[in-house]
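As annotated by Swiss-Prot, signal peptide applies to 1-23. For 24-485, the entry in Swiss-Prot reads topological domain 'Extracellular'. Marked as N-linked glycosylation site by Swiss-Prot: Asn219, Asn228, Asn277, Asn335. The annotation transmembrane segment is assigned in Swiss-Prot to 486-506.
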Amino acid sequence: MVIIWNIFLPAFLLVLAKASLRSSRDSANCKLNKKQSQLNSFLWTIKRDPPSYFFGTIHVPYTRVWDFIPENSKTAFQQSNIVYFELDLTDPYTISALTSCQMLPQGENLQNVLPRDIYRRLKRHLEYVKLMMPSWMTPDQRGKGLYADYLFNAIAGNWERKRPVWVMLMVNSLTEVDIKSRGVPVLDLYLAQEAERLKKRTGAVEQVEEQCHPLNGLNLSQVIFALNQTLLQQENLRAGSVQVPYSTEDLIKHYNCGDLNSIIFNHDSSQVPNFINSTLPPQERITAQEIDNYFRQELIYKRNERMGKRVKDLLEQFPEKSFFFAFGAGHFLGNNTVIDVLKRYGYDVLHTPAGRSIINNGKGKKNLLPSKFSSSSLPVGLSAPPCTVTSRIKQSINSHKDQESLPDILLDDDIDQLDKDERKYKKRKQRKEKHRHFSDLWVRIQESSTDTTPQIRIINGYITVEPHPREHGKDKYIKAAQSVSFSLSIPSAFLLLAWCFQQVAVLQ
């Protein structure tokens, strides 16, 4: 799933689910088992020589789950030669593509697209969120230079230019619980940062467009229905008449201590009726079911097929390398999973329980990841050099009409040559400008003499865009707090794409 179904599933459940009312205040406070064998494991081993691994992530602050991740999962990560994610979380192209994906066509805005009543309710709710945000933020966030006005503008700025489906996801991420979690890298991003720090090769099996286009594929009537349900849910929450059926805390609890086949992770179609609000009128229930079926097919099953085939092609092209594939946990649970796809290609994929030893392939590095979280292990920032393997995949995908197949990636000679080119590129770049960190919250945009270039802001993976006045002769920069590490969302995946992304990307 900054991940689209991972991002999208919790948001969608929030809209459609009806569950017994309960408090989740202490739901994530499950006890840490001292015995490794008693920990949850989201690790699967692809049996070959050397072995490769699947690891299921969730899009929550990594500090909430790191201590509960078994040591053998961390060892598998350390020993792997190449780490693959759903999306390339460190590539500026990912950010700009996500930005473009969210925006309405030129000249359109939400006021012209949405029914008047829904537009007014949306505007009123965002005004409420802006008013409440200072009280939602923690002293620690303020101490790091993350302030309410800036955070609100970074997340919801220019909302009138966004497509309605992205506004719906944005609304679902503008809650007190999610605001309090901003400023700590989510698990996916933390692993990407660690892979870069350990100088591992990294890559991605998907492009942003492959996660993004299905969301934009909903017809307008379905999007308006979903946005209306989202606003109703939030309005009821504000009135105190309903509680969130599935919260981030519930997700964390199930990941740390729950059943791997928990309803939150399981995408089996038999679970769907539990997610549909039975109080809806019959016609609206049909619409809700159609939306659920559409996204299940587009964001889970089709993506699993595509991702599984690309994993298979990578394994075949690099038989001497050990891979660590970190995808949203939802891709490995339920029916028609990535694991099922690999098995159909003849691979033996086995779940690896906590406590089971990982065979040392002699090519990894030991004791490089902290087994326990501490404040000192929180990454300060991450540089974003070109991603060698991902770049070739991206170029090849663009040059092939059949995007269901993975094109040629890299041979060893190609990798060596590209590494040399990359080192030369870095040296030239360092002479031109100061080295930048991923946590800087801004992306340099080249000015155009013909087009107004949008400003891109990133807060915890939430991408916002606003046009700036055209100025010639120099680049424009978006200034931001540089002392905070931020996570980039997808369902998802999304990206995972935001903590709609952070909630439209949680399992992806």
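Glycine is no exception: its Cβ is also placed from the backbone N, Cα and C atoms.
Positions of Swiss-Prot features highlighted on the structure.
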| residue | record | Cβ within 10 Å |
| --- | --- | --- |
| Asn219 | N-linked glycosylation site | 11 |
| Asn228 | N-linked glycosylation site | 19 |
| Asn335 | N-linked glycosylation site | 14 |
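When secondary structure is read from DSSP and collapsed to three states, Asn228 (N-linked glycosylation site) falls in the helix class.
Asn335 (N-linked glycosylation site) sits 30 Å from Asn228 (N-linked glycosylation site), taking the C-alpha atoms as the reference points.
On the 0 to 100 pLDDT scale, the model's mean across the topological domain 'Extracellular' (24-485) is 74. Cα of Asn219 (N-linked glycosylation site) to Cα of Asn228 (N-linked glycosylation site): a span of 14 Å.
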